[in-house]
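As annotated by TrEMBL, heme b binding site applies to K23, H30, Y139, R187. As annotated by TrEMBL, transmembrane segment applies to 250-270.
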Amino acid sequence: MELKSSRRDDTKITDSDLSEQIKAVTKDSHIRAENTELMLSYQKGEITLPQYQLLLCSLYEVYRALEDELDRSASHPSVVPIYFPQELGRLEALEEDLEHFFGPHWRKRITVPAATQRYVQRLREIGKQNPRLLVAHAYTRYLGDLSGGQVLGRITQKSLGLSNQEGLSFFSFPGVPSPNRFKQLYRSRMNSIELTKEERQELLDEAVLAFEANIEMFDDLQKILSLTKGTDVLKDTSTTANQKTLYNPVLQFTAGVCVALATIGMGMYAF
Ligand code: HEM
């Protein structure tokens, strides 16, 4: 889909528009998401390679489900206006990043916590039963990626000591030259979706749930990381990649996850 503005996309946005209501109802959740331990260590520039690797695995599973379901419902009247696979699709970017950090057999190394599994299940469920609600999930992830996510990209590069963009495809949107303009377009597309009062409320509730799913996912990831950090085997997991010397992140990461599994059996799923 091209980024041309149509008259409909230029329509003035008012408080009663879906884009404003969704922002308002998720305001508190956004603050909570920003203040999760994982996001806070991110903002302080303290993200470590194992943290980032683990996050990438979860994001991969979430976007695989989200984008599969959006593709499947691409002709649903509520999905059509916000369907931008070329501009927003993250799956290929995540695959590139995973290959960069885990090597060619990255698929065997994908590990996600129970909260990510639940998030994925929800996406699959609504994709089948009520695709309209995918709008809430697409909004939460993609507009987030185009907002705070852009800053997080720069922080990741610095924290991990990456000299170029390798491993950072997730943050790059080559089909979106101006994130702000694109967000405006996206909002007006959301506002063009025809909804009954009940459908609108359902969608707003789902957006809060989408933020909640992200918060739970971050908390679960952080729990695993905190548990593995305390073990001898992972003593260096807190070392940022900037400081890496004889440091094998993949081995440490794998060992850490094994220790977490063995120690607490907290319902993780490894593929
Ligand atoms: C370190 C964490 C984060 C920071 C620093 C951050 C920062 C921001 C900033 C500065 C904006 C732009 C606000 C505006 O244009 O008025 C924004 C928007 C947004 N963020 Fe975040 N964010 C973070 C985490 C998240 C997370 C975890 C999610 C959801 C999973 C998220 C979802 C969104 C969404 C959906 C918007 C668009 C709001 C709208 O315009 O309707 N953010 N964020």
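Residue positions begin at 1 at the first shown residue.
Backbone N, Cα and C define each Cβ position, glycine as well.
Within 10 Å of the C-beta of H30 (heme b binding site) we count 17 further C-beta atoms, all protein chains included. It is R187 that, of the binding-site residues K23, R187, has its Cβ surrounded by the most other Cβ atoms within 10 Å.
Considering only the residues assigned to heme b binding, K23, H30, Y139, R187, the longest pairwise Cα distance works out to 17 Å. For Y139 (heme b binding site), the same-chain residues that are 6 or more apart in sequence and have a Cβ closer than 8 Å to its Cβ are I22, I82, Y186, M190, A207, A210.
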